[in-house]
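Just below is one structure, and these are the notes that go with it.
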Amino acid sequence: MGKTLYEKVWEAHEVRKLKNGQSQLFIDLHLLHEVTSPQAFGMLKDLGLRVRYPHRTFATVDHIVPTHDRTEPFQDPLAQSMLEALRANTREHGITFFDLGSGNQGIVHVIGPQLGLTQPGMTIACGDSHTSTHGAFGAVAFGIGTSQVRDVLATQTLAAQKLKVRRINVEGRLAPGVYAKDVILHIIRHLGVKGGLGYAYEYGGSAVEAMDMESRMTLCNMSIEGGARIGYVNPDETTFQYLEGRPYVPKGSEWEEAKRRWLAWRSDPDASYDDVVTFRAEEIAPTVTWGITPGQAIPIDGRIPLLEELPEEERPVAEEALAYMGFRPGQPIKGVPIQVAFIGSCTNARLSDLREVARYLKGHKVKKGVRALVVPGSEWVARKAEEEGIAEVFREAGFEWRMPGCSMCLAMNPDRLEGDELCASSSNRNYKGRMGSPRGRTVLMSPLMVAAAAVAGEIADAREVFGLAGVR
């Protein structure tokens, strides 16, 4: 019987089985940021321990950094202290740190792949829930807590429970104006925010195989919103084309050997799965959320569900969502006014995201009264976008072009909603208060849909705003 990629990677990295049913796994790559690492380093110091393998550990600053004015000290003294702590800890332990202005600073899940640190067959850990992003390369990537960050720093291992594997096939061809963000929202809408509990998700099928790497990253990024701890795609030629020539990947003859080695991680044709689910790409439309979980999503031309249409166990959360969002059952989502538009986050702030939006945004203007921000995922992305004229397209349209960071995705920096503002967002979470205001509202969608909402001043169909029919 064949094995899945997940099983192969697990077995190759299993140091030992633990008495509690978990396994101790060797971690190939440990990524750090400023929020979940200070306490971990503090615990390490209290125990009198050093970082076990500094050369397998890399750090950046992303969550707390201002994206408008980076003059130090920051206005927020806590943010400044977290940055200073990361600088001191990485310096003390000999860890590579991509600091502000280094040319490689950015959102941790953007810079890992961008630098070629993320590679097929790896086990990867980071103190951030969206570490599943790296699974797009055929890696098994764990989002971990602070005490586990300490464990990996000290031992380069992680205690973990082996998961079941669900294969999610997306077959067919996506229509113009439909992107990976729509695919993952569609999947979560149908499988639920708890549907992936206890599972690793393996994404495949012709639509996934046709995706570029940055689209696959979007898909894997939001596995966690569907309840799965792990999401991955089998490595292929698309993976190799993306990785070739990046700073941390093998070069020359070692590159050819690496590709042969990486292909061996692919799930075997006769691998057995605990569950298989198939979706048709042609049935997926531009999708947006209407509530307070990513699973509360509908096609752009749909209506918010009537309570009686929902399973009984979903009705209390739906009622809570309707009250919080100020929506009513049966209401069309299209046409709802927005006050803020945000393109950014570890889900959708890569160069391909910005290129695609700029392609259609050129010649359009942000609606008066809408505050629109675009926040590149890294200094490299920002630099390339400037070189290609992408940044200027956004500026001309009326978007604020910001510096890299997590920005509005979470309320840990100055980019926040005010009052009950409604934000059309390319991020990954629409929880109550997620964007800083206890009454702020978030509607998740693809970057192009965010741009369409910014131009229209309301939630809109990008295919109509930008005339996408028959394009691509």
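Glycine is no exception: its Cβ is also placed from the backbone N, Cα and C atoms.
The [4Fe-4S] cluster binding site annotation in Swiss-Prot covers C346, C406, C409.
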Using the centroid of the Cβ atoms of C346, C406, C409 as reference, list every other same-chain residue with Cβ within 8 Å of it (recorded [4Fe-4S] cluster site), in sequence order.
-> D62, H63, I107, H130, G344, S345, T347, A349, G405, S407, L410, S427, N428
Counting every protein chain present, what is the number of Cβ atoms, excluding its own, within 10 Å of the Cβ of C346 ([4Fe-4S] cluster binding site)?
-> 26
Please report the number of other Cβ atoms within 10 Å of the Cβ of C406 ([4Fe-4S] cluster binding site).
-> 29
Going by DSSP, is C409 ([4Fe-4S] cluster binding site) part of a helix, a strand, or coil?
-> helix
The number of other Cβ atoms within 10 Å of the Cβ of C409 ([4Fe-4S] cluster binding site), counted over all protein chains shown, is 28
Going by DSSP, give the three-state secondary structure for C346 ([4Fe-4S] cluster binding site).
-> coil
